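Step one of this worksheet: look at the structure below.
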């Protein structure tokens, strides 16, 4: 019986590691479609600036949290004292994912400084206030710990994890609103969402599997950011999928002219081409109205 349990546990650990790396790859790959879409369109119109800036702060906090729990023996020992000697469940793939996500999020942020965006595309005041307060409180918490012998770092890390958790909830709300207002998901990559959904499901599954194998379900509550992050990402991913495939199925990119694909290859100025596209739309509207008036006059004299 013990041999069977040992074999099952060993197999379960293999499955856990496999799931961990698969969700790492899915979540990591989810950052590329948006960056590629921005590059292809040469614009970030339709994309929430709140989402971009909050994402960078969130993954900065998440990177610090995971690196500390995975690399710091002091943090690991403090976690054990708080959780009956149990090991924390942060794995190498969690660290790699967080750091990779921070790099890609920062790269996408840099794209917003290069590519065209609307004048009204700015970080909202609520997001600015949140970012400022989170940064200030973090510094206030770090000070006494850094200058007080380096104890109780876990308090700072848990605060950072909660910042990440809050950001994971609020960062999607502006994008949901933008899609709703525009009645379109243009500028927001659905491939990002599909990969994110895959990663979220596997992340939650791995967390529960690890807790089951260790016989310690406090591991779930002991890593609230991973648990909450997975469920929040799944919930919002489902909202975006409904918006994209059910509510707003029109794929017309109103931000670009109809010849923008050809322009990319020809090297023609995008701004000039967009103006021509807008003039073309106005002209078509004018001709359409003119025809309707002609029909009305002809029907009135007949």
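We number each residue from 1, going along the chain as drawn.
Backbone N, Cα and C define each Cβ position, glycine as well.
Taken verbatim from TrEMBL:
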TRANSMEM  20-39  transmembrane segment
TRANSMEM  51-75  transmembrane segment
TRANSMEM  95-115  transmembrane segment
TRANSMEM  127-147  transmembrane segment
TRANSMEM  153-173  transmembrane segment
TRANSMEM  185-209  transmembrane segment
TRANSMEM  229-248  transmembrane segment
COMPBIAS  266-276  compositional bias 'Basic and acidic residues'
REGION    266-302  region 'Disordered'
COMPBIAS  291-302  compositional bias 'Basic and acidic residues'
Recorded stretches the transmembrane segment (51-75) and the transmembrane segment (20-39) touching, at least 3 CB pairs under 8 Å: no
Intrachain neighbours beyond the transmembrane segment (95-115), with Cβ under 8 angstroms and 6 or more residues off its ends: 24, 27-28, 31-32, 34-35, 38-39, 41-44, 47, 49, 52-53, 55-56, 59-60, 62-63, 65-67, 70-71, 121
Other parts of the chain folded back onto the transmembrane segment (153-173), taken as Cβ under 8 Å at six or more residues beyond its ends: 50-51, 54-55, 57-59, 61-62, 64-65, 68-69, 72, 74-75, 78-79, 82, 127, 130, 134, 137-138, 141-142, 145, 224-225, 228-229, 232-233, 236, 239-240
Long-range environment of the transmembrane segment (229-248) - Cβ separation under 8 angstroms, sequence gap at least 6: 62, 164-165, 168-169, 172, 175-176, 179-180, 182-185, 188, 190, 193-194, 196-197, 199-201, 203-204, 207
